[in-house]
Amino acid sequence: MNANVAGLTARNCETVSRTLSFIAANRFERPTLVVDAEAVAAKYQALARGLGRARIHYAVKANPAAAILERLVQEGSNFDAASRTEIELCLAAGAAASRITFGNTIKRPSDIAFAHSIGITHFAADAREELDKLAAHAPGARICLRLIVEASEADWPLSRKFGCTPEKALKLMDYAAARGLLVEGLSFHVGSQTREPQMWQSTLQQVAQVWRQAHEAGHKLNLLNIGGGFPASYGSDMMPAEDYARAVMTQVGAHFGDVAEIMAEPGRGLVAEAGAIAAEVLLVSRKHDDDLHRWAYLDIGMFSGLAETMGEAIRYRITTDRDHETTGPCILAGPSCDSADVLYERKPYQLPLGLKGGDRVVIHSCGAYTSTYASVGFNGFPPLDVIVI
Ligand SMILES: *Cc1c(COP(=O)(O)O)cnc(C)c1O
């Protein structure tokens, strides 16, 4: 284990060490994500303790590796899927249809029909046209209307693309009911990687107001879906998952009282810290001889798993076998022939001056949103390899 890892808290260290030992003991032909299923299970249990009566529906898109889904089935998790393929992955892992929700607000009609045919009853929507599709292909479906939330403080906000305004949601409740759909409740997403529980406050306030207005309008809502947003540690110390979840639920209780049913859809918070990527430096160069900055090109980039470096939003912790050596500023880029494939340039990384082609780098907390974001073969680079241990 290298010096940087020793700097982490004992708690984080425990959860990453199996992954790091596995990486240290093996050579890989190409960039490889190693995920520790034990760490995922431990995180699931921590979140479950903190979330109390809220049901967990794992957001499958974060990492759909079969071994992870199977482990989560064993732990008692439910699942939130976004397409027929994700639903089929959950079924193949042993999840019953009753434990799967279809939470994407943008669904293909044939996917809705498929979900309905196998017994999935819970769907999300934020538009009339989507409700029409649901009424046609999943008659009698249970619906959560997704609200758009303002002023997300998340590192990876999801706010603008999804949801509708409170006024619109209230209209859609009538529209859905008139089409024989069961409006069960409201959903929202506070924004991915919402670092502090207090950042939920204003969102919960906005949603609670709509909840009250819905009741006043005669809609008996009984399901609150608080979505994802549970953060992972990317190097800095974070509140333990259980405490974070408990702090969120305390606020939910204050705003919503005794709602009949609550569900949460963690993705990143459940799997990110359980994985690390073993990658390699392909080239280190300077644009001119006295350039202060070096460019280090890795064998993994924006199109092969590290899409969340876009806008330098997620800053992964990166370690090398030379971390005891003197460091200097380094721009990091991927291997593809696309100039957008630069990972970190505005805020360069401090990396060892001796870094060179062939050196291994380990990219930490990579269990979420990496394998699913890898392209199928841009420039002939293969998708990210995944090993679940
Ligand atoms: C992606 C997604 C999630 C998971 O979000 P995280 O921030 O990774 O926890 C949850 N719910 C929905 C509807 C999503 O699209």
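Keep in mind that glycine also has a Cβ here, set from the backbone N, Cα and C atoms.
Keep in mind that TrEMBL annotations are predicted by a computer and have not been checked by a curator.
Per TrEMBL, the features are as follows:
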- Cys337: active site, proton donor (ACT_SITE)
- 39-272: domain 'Orn/DAP/Arg decarboxylase 2 N-terminal' (DOMAIN)
- Lys61: N6-(pyridoxal phosphate)lysine (MOD_RES)
- 51-84: repeat 'ANK' (REPEAT)
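Between the residue listed as 'active site, proton donor' and Lys61 (N6-(pyridoxal phosphate)lysine), the C-alpha separation comes to 27 Å.
In the predicted model, the repeat 'ANK' (51-84) has a mean pLDDT of 98. On its own chain, Lys61 (N6-(pyridoxal phosphate)lysine) has Ala82, Glu86, Gly267, Tyr369, Thr372 as residues at least 6 apart in sequence with a Cβ closer than 8 Å to its own Cβ.
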